[in-house]
Amino acid sequence: MRNLKLLKSLRSTELRGPGSPLRLSVRADTGSLLVASHCSITEYDPRTGQVVSEASLTAGGFLPEDGGGAVVGLQDLAELESACLSTAGGDVVLFNFNTCQLECVGSVDSGLTSMSWSPDEELVVLTTGQETIIMMTKHFEPITEVGIHQDDFGEGKFVTVGWGKKETQFHGSEGKQAEVRPAAAWDDRAPRVTWRGDGQLFAVSAVCLQTGARKVRVWNREGVLQATSEPINGLEQALCWKPSGSLIASTQRHPNKHSVVFMEKNGLLHGDFTLPFSKDHAKVRDLLWNSDSTVLAVWLEDLAAGEDQQVNASIQLWVAGNYHWYLKQSLDFGRDSRKAPVCVCWDPERPLRLHVVTRGWTSVTYDWGWATERSPGTDAAADANVAVIDGDKILVTNFRQCVVPPPMCSFELQLTSPVNQVTFLCQPQGTNRLAALTSDGQISVYAQGESCDRDVRDAMRDPSEVEVDGVVVSAVHGSQTGTVALQLEDGQIRKLRWGEPPLVNNSTLINFPVPCVQTALCSISGEEYLLGLTDRSHLYAGDTELASNISSFGVCNDFLLITTHSHTCRCLQLTTLSVKGLQAALASDGGQNDESLRRVERGSRIVTVVPQDTRVVLQMPRGNLETVHHRALVLAQLRKWLDSLRFRESFECMRKLRINLNLLYDHNPKVFLENMEAFITQLGSISHINLFVTELKEEDTTSTMYPRGPESSPVQTRPVSGQKKVDVVCDALRSAMESMDPNKFFLSVLTTHVKKTVPELEVALQKVHELRVNPPRAAGAVSAEEALKYLLFLVNVNDLYEHSLGTYDFDLVLMVAEKSQKDPKEYLPFLNMLKSLETNYQRYTIDKHLKRYSKALHHLSKCGEEHFHEALQLVREQKLHSEALRLYAADGAHYKALSCAYAEHLMEQQQAEQAGLLLWRCGEPVGALQAFASSSSWRNAICTAQQIPLPADQLALLARDLAEKLIEQRRFAEAALLLDQYAKDCEEAILALITGSVWEEALRLIYMHDRQDITETNLKPALLEAVGTQTAFLEAQVAAFTRHRARLAVVREQKEKARLGMLDEDGPDCPDAELYSEASSVMSGSKYSQSNSRVSSRSSKNRRKAERKKLSLKEGSPMEDRALVYALGEILTTVDKMREEVHGLLKALVLFQFDKQAEKLQPAYEEALQAMEAAVPEVWAPEGPASNQLTGPNSTANSIMASFQQQQRPAAPQPGRHRLSSLFIHNSSCDVCLCN
């Protein structure tokens, strides 16, 4: 639905020369015109009006001086920096731009009738006076010469399938004699040559020698005939191959019309359109496709001369859309022969630039741009009209009322002459008015349903003027500010403002870098900007480039809508974004819930945006229309409606466009709850209220699905502390509906009960039951049957039956069961059985059936002594011990039985100590003693044994058993206490202490019981044995530490060399270099990490075990260095834990004068600690501030995860980081010094 809008026309009359122009070509590199006449060739720059170069064709003998010669072809050759022209006399001449010299590169004796170069300028085709085709290279080396007229069809000859012959088929009412008519009398009978856009094929139109009619033949670039067209009655001389397609355009004169027809490369007709005049009114001089195949120019001349014996000439520009051809421009040159065009051609670089040279040597350059003429209104009264030019008609579509696919429209405006331009009134109160400029210079103004004659006359009678220094190519008006922005041909911007005087010059220094074909005024963050879109898809705001992939844009109601070449439609709110913000938004790809982004079909363009609405009309490349409701516009409109409490419009829009209805509440919860009655009144419909309630969920849609912009202030979504959103809304709705009309909104009240976080099905069923017992008499009230039927629609019938059973109301159960699909034989016997039971036991049976075991136990506890065994069985089966103990008195037999059952359960769960406490508490000391004994809780066991009481021998035996268990657990001091105090066996107690290296306590018992003999027999040998054991263990740890430390240095050196080697080979950005970094994924272990739920659900113990499995000390393993560091830390921890044990051993050795052993052990331990302390800085490098930082500009996902895992994992202690404290004592009575 785009029109061709004339941006500027450059007319130059400075070009003069003898004779008249014959041929025209355009230099692609400079844009200057090459004009060949009867006497000379001239290079002319229309922008400056200067002749660049010129050479005489008559002086060189290429054309006769009497002007009788003709130039049949002219082509610019950019690679040769020359122009090639051919004359009717047969000469092929090169005109050098640098030397301005003419060179004849070839000559044909029979003369030439045409010349055509291939699009890649590699081949040239010449047609001669002998009806032959000569093909040559760009260096004018002949390739082939063939005759134009061939009897053969060509290589693409059709295959006959035996369905008859052409001669035997029906030929219409005129019969076979009308099959072929000769060419028209005005036909110059010269061949026409045209190339396909890729240069692989060319077509030749020539007059057949036998029939006198034109026939089209298609040849390939090797000069081999491919196809011949079928005989076409009235086929004319014009011929042009569409650059980006397979259609060849020509013209055909029918008995009742004149048409432009299209042929395929096989010569068959494929579509046409009718020219808007009778068949004998005009002749078509030529057809010309522009470079991007979007516009077809038809060059016309009248057949009949006027009273002044002059013919009228015109050029029409046709555009196709949705399989319809629109006449977009009609250039009328009048009847003056001096003004008639003699050369017409499209610019090779600018697709919408047309060059025309008249017979009087006047050159005219037209520049058009694509424009969608839409009404500029911004209020709800604007109709969003779009006007499309189609010859002498204007097709107007009112998009506020309906979407009519082109070429149809809402209504047509018929004019007397072809329309060249149309525009809408820019005043706020008259945006539905439009004005049309026709080809004869007339302006027509139209208004829908009103008369505007007086306004138009007043405007024309008192025009306002202001001088502008430059050529204006576009003008736009801002209805809100009254600013008129003018764009000059070089991109300069001039702003004019309506005032007194009517126009005041308000020039600005901000200009477009390049001229723009579409402009619009808008306000960005309160500042007015002129937006411009170039033909190269660059969008500018003043001199700032916003994006470079824009195909179309539109401004409506503070929103900027654009379509991009990446097939998206963006909608950005201009009031909340700055220019830099627009740049950033257009450069980003958008997030998952980005409301400003929408995917559209490839090649979509914006036609219009309906003001104060959510509809955006897009046109697809083939011409059809699509209406989309852009999410940003929809949400903006919804927020306006919700702020103004227009709940009904909001609900209807959200339901139609599938917007989550939670937004009604989430937009402003406080306001929604305060206006609950207004919400209910506006919706009115019960089904609408139910739909809203059923869609409620805890999610805050303003932060997930429809996030608020940064300018929006946050709204508290949960005004009531501790309550959930769904519960709050349901309670508020129910309260409002019950206060307004409980009978009318009864179904909605039921919905609020069912939708709550914990569905209140029992309450809903009870209300239905009450409705059945006391039916309301109000008109329109819901019956119990309808209410129950609706409730069954919301809830599964089986679930509803179970909940009704849980109310213990059998009338309600029967009411639900009757509506279900259950067989009465299934539920009636069960219900009858329940009715026969005692109340508490009845409810116990129901609760047990519904698997509500806590409630069942509660009711069963009230059923008396005879049902206690059943209660105890229920407690054991469902593990309800804690609940059962609360239901029975602590001093009763039932409580004791339950406690014993609970203790059995705890024993099964390996919680013997808790079981013993429970048994001790309820008066079962024997059982408690067994439980305490099995759990090694020896203090409680001794207490219960003495409470029983046990005899002395049994008590001693118990103490010995407990002591054995404690010795197995290496609790030697506690075991010695039991053996000494309760078993009365001091020797065993002393031996236990010696075994556990508790030297001081062993000495105390030795002297307390006067057993010095044990010192010699057991204590001293144990000391010497301990010295040997500790020394050997210490040496092994030191050796392992040294070995691991040396290996760690080697591994780190190898990795550093490998990393540096990768950097030198592939540069610092080599991805493999990270494999050799200590912070890499290999080092962090992420290579072996797993993220499935099975692994993540492991216990912490299993996770630590799995982590340790990754750390392999095997040489060459990927995590060997980490394994070595971990092993070194373990050794350090083990040696550090020896300090107390070595301390006590040294004191005992000194006491018994084992000085040599002490002198050997102390230095060995001290040297080991010093060696390990010295290695700490090497093994664990000092951590700077950067290494403690998890995140930062230099952090990666792997490094962050590795650091986090390192912090979470229990690190090996590093005692060497601080000064080791004193480990030993100073004994002045010894010859050896025992201090550090």
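Glycine is treated like the rest: Cβ placed from N, Cα and C.
No curator has checked TrEMBL annotations; they are predicted automatically.
Record features, source TrEMBL:
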| type | residues | note |
| --- | --- | --- |
| DOMAIN | 1-349 | domain 'ELP1 first N-terminal beta-propeller' |
| DOMAIN | 388-447 | domain 'ELP1 N-terminal second beta-propeller' |
| DOMAIN | 463-607 | domain 'ELP1 N-terminal second beta-propeller' |
| DOMAIN | 631-834 | domain 'ELP1 alpha-solenoid' |
| DOMAIN | 841-1004 | domain 'ELP1 TPR' |
| DOMAIN | 1013-1179 | domain 'ELP1 three-helical bundle' |
| REGION | 1081-1114 | region 'Disordered' |
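Across the domain 'ELP1 first N-terminal beta-propeller' (1-349), the model assigns an average pLDDT of 88. With DSSP classes pooled into helix, strand and coil, the tally for the domain 'ELP1 N-terminal second beta-propeller' (463-607) is 12 helix, 69 strand, 64 coil. Ranked by the number of CB pairs under 8 Å to the domain 'ELP1 first N-terminal beta-propeller' (1-349), the listed stretches 388-447, 463-607, 631-834, 841-1004 are led by 388-447. Note: the domain 'ELP1 N-terminal second beta-propeller' (388-447) comprises 0 helix, 28 strand, 32 coil (DSSP; helix = H, G, I, strand = E, B). Between the domain 'ELP1 N-terminal second beta-propeller' (463-607) and the stretches 388-447, 631-834, 841-1004, Cβ pairs under 8 Å are most numerous for 631-834.
Under the criterion of 3 or more C-beta pairs below 8 Å, with sequence separation of 6 or more, the domain 'ELP1 alpha-solenoid' (631-834) and the domain 'ELP1 N-terminal second beta-propeller' (388-447) do not qualify as touching, having fewer than 3 such pairs.
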